[in-house]
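Step one of this worksheet: look at the structure below.
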Number of protein chains: 2
Amino acid sequence: MTDSHQVFEIADFPLDSGDTLAPARLAYQTYGTLNAAKSNAIVYPTAFADQHPDNEWLIGQGRALDPDRYFIIVPNLFGNGLSSSPSNTPAPHDRARFPRVSFADNVRAQHRLVTEHFGIERLCLVTGWSMAASQTYQWAISYPDMVERALPFCGAPRVSQHAFLFFEGVKAALTADAAWRGGDYDTPPETGLRAFGRGYAAWGFSQAFYWQERYRDLGFDSLGEFLTGFWEQNFLGRDANDLIAMLSTGQHSDPAATPAFGGDLTRALGAIRARLISMPAEKDLYFPPEDEQWAATHIRGAEVRVIPGIWGHLAGRGINPADVAVIDDTLRELLATPVD
Amino acid sequence: MTDSHQVFEIADFPLDSGDTLAPARLAYQTYGTLNAAKSNAIVYPTAFADQHPDNEWLIGQGRALDPDRYFIIVPNLFGNGLSSSPSNTPAPHDRARFPRVSFADNVRAQHRLVTEHFGIERLCLVTGWSMAASQTYQWAISYPDMVERALPFCGAPRVSQHAFLFFEGVKAALTADAAWRGGDYDTPPETGLRAFGRGYAAWGFSQAFYWQERYRDLGFDSLGEFLTGFWEQNFLGRDANDLIAMLSTGQHSDPAATPAFGGDLTRALGAIRARLISMPAEKDLYFPPEDEQWAATHIRGAEVRVIPGIWGHLAGRGINPADVAVIDDTLRELLATPVD
């Protein structure tokens with residue numbers, strides 16, 4: 001495990017919003033070695049509020065994402081504090097003035113890293129959790145001839161109206177704190193960050209998870225300790241503008257928002273050529289399996305494999321061994337599936 | 001429809017918390033006429049943030065709750081701005097200093113109204129939505145020989161840990177606003193009240209409700225309009241201390257917290273003698289049907305009838321005709337069922 005990383009810099013990077021990041025800095029980490037044929041590359045982006053070390057639970061010797069076999073590139077989501085973000089970008093794009101970045105922007109930058117920097121023309125696999133599932137779909141839609149396999153988990157090609165509202169709710173909680181000051185805080189809005197974590201708590205895991213008090217599996221002896229020690233703590237160290245920039249990416253991205261697809265998500269999904277398995281979690285409260293069942297009907301050959309159990313959205317976070325096993329097994333099966 | 005009401009005053013009302021309301025004022029409204037035998041009374045309490053006019057959609061000629069046939073008493077929940085509440089109680093129990101009131105306290109006051117004021121010894125039915133479902137259970141537990149039938153809908157005998165967290169999240173959003181001032185505001189904390197509504201939005205209806213944009217049925221043309229015109233508007237006119245007092249009632253009530261039950265909810269449920277039908281909504285995100293299935297296994301003769309469809313928790317709010325019909329039909333069937 002490491003938190004060192006490299007940075008791929010793009011001098012002028014035009015965004016879907018019309019703004020330009022000059023430069024855009026894409027932070028990434030790699031695991032394993034690119035083979036001579038450049039045929040063993042995997043892209044595995046980061047999710048909301050995560051950084052590349054948060055992805056490492058799924059990578060390792062003996063796992064499907066085995067660095068002895070594959071060259072695994074983990075690009076950091078714009079806004080996450082390592083890639084270009086409100087917290088690390090100078091004026092005029094600092095803080096709340098950081099431009100809106102879409103998943104398509106993220107994937108376009110990742111594509112440049114993969115092709116220009118590494119010279120890779122095909123990807124064995126793109127995979128990712130939650131907002132990285134959206135990036136996985138975006139990869140398969142934007143570069144259909146390049147992505148051989150895709151395994152989005154606990155996410156969706158486009159954030160639903162319901163998930164939009166959940167994001168909006170925690171955003172409203174954070175920004176209700178006057179210390180937020182429209183993003184121009186000098187002292188972090190601690191009350192708002194705590195409210196953000198408290199508002200997130202009931203969404204992250206399922207009703208049954210709490211009924212069974214499974215937070216005890218994570219070392220917490222009471223609901224109150226879990227609320228402060230896990231949920232508040234998870235966000236207290238984050239930059240508020242960064243959190244809101246990433247939420248905004250999730251809320252406003254649409255892979256169908258191009259002239260080719262004319263806003264029709266089914267047409268965007270129809271462009272996918274990758275062998276795709278979507279893995280929603282059975283009791284995910286904001287990316288429910290039914291939405292992924294719908295998406296799969298518009299992707300040729302796509303399958304949905306539900307992650308069973310009660311861990312809800314965080315089934316994809318690598319903290320429950322049974323969920324890790326089912327994701328790892330499915331990745332192994334997908335990677336073993338021949339493609340054209 | 002009317003918003004006039006009566007008040008039953010109890011000079012000294014000791015609470016489970018150890019505090020005393022002196023006086024406690026229980027606001028209520030009645031519909032229909034008590035017969036000479038006093039055998040046609042129904043109690044139908046109010047839910048979180050509701051007042052008695054909000055219950056009137058279920059009452060009317062030709063409906064199960066027909067005032068031509070039944071004498072329907074609608075007591076207002078303590079904290080709702082009509083019964084004793086932070087907003088209408090003088091010092092030392094004003095504002096945030098209003099004592100914690102339990103569902104058992106509410107039901108004890110309602111019982112005194114029903115028995116002392118009206119001289120009623122048996123109730124045909126107790127019914128209610130959400131926090132009023134909890135009061136329905138509490139009635140059946142506290143006064144098993146008095147409650148002939150019970151129909152709690154979209155609620156639970158005790159708020160689950162998951163629902164506790166949902167309440168905690170919206171509470172944190174409201175109180176993140178510095179204008180909240182620990183409850184001693186002179187100007188309402190408008191930013192916090194809006195954040196409260198925004199945080200509530202994704203919980204109130206199901207994922208599928210938003211997927212299908214069913215807010216259009218309620219006259220809203222876009223998600224944004226629904227968020228401001230329905231959700232923010234619903235809470236902007238409420239008193240913040242009142243909202244928090246009612247949430248606290250929901251979060252901290254436990255019908256098993258008596259020496260007789262020793263904290264064991266199954267024992268409390270085992271005390272119920274009423275013929276009980278629980279009606280959870282199929283896609284209620286914070287009172288899911290599985291919890292009510294569990295509760296019913298501990299109540300003799302209890303049945304669970306799931307309200308089908310996608311309106312989630314607000315299936316019980318009287319705004320979707322199909323949900324109203326299924327609740328009304330089940331009430332009619334239950335009222336027609338003979339009891340010992």
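Note: Cβ is positioned from N, Cα and C throughout, glycine not excepted.
Record features (TrEMBL):
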- A:SER130: active site, nucleophile (ACT_SITE)
- A:ASP284: active site (ACT_SITE)
- A:HIS313: active site (ACT_SITE)
- A:57-149: domain 'AB hydrolase-1' (DOMAIN)
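With an 8 Å limit on C-beta distances, none of the active-site residues from A:SER130, A:ASP284, A:HIS313 reaches chain B.
Mean per-residue pLDDT, taken over the domain 'AB hydrolase-1' (A:57-149), amounts to 98. Using a 10 Å radius centred on the Cβ of A:ASP284 (active site) and all shown protein chains, the other Cβ atoms total 30. Within 10 Å of the Cβ of A:HIS313 (active site) there are 25 other Cβ atoms, across all protein chains. Other Cβ atoms within 10 Å of the Cβ of A:SER130 (active site, nucleophile), summed over all protein chains shown, number 26. When the alpha carbons of A:ASP284 (active site) and A:HIS313 (active site) are compared, the span between them is 4 angstrom. Rounded to a whole value, the Cα-Cα separation of A:SER130 (active site, nucleophile) and A:HIS313 (active site) is 8 Å.
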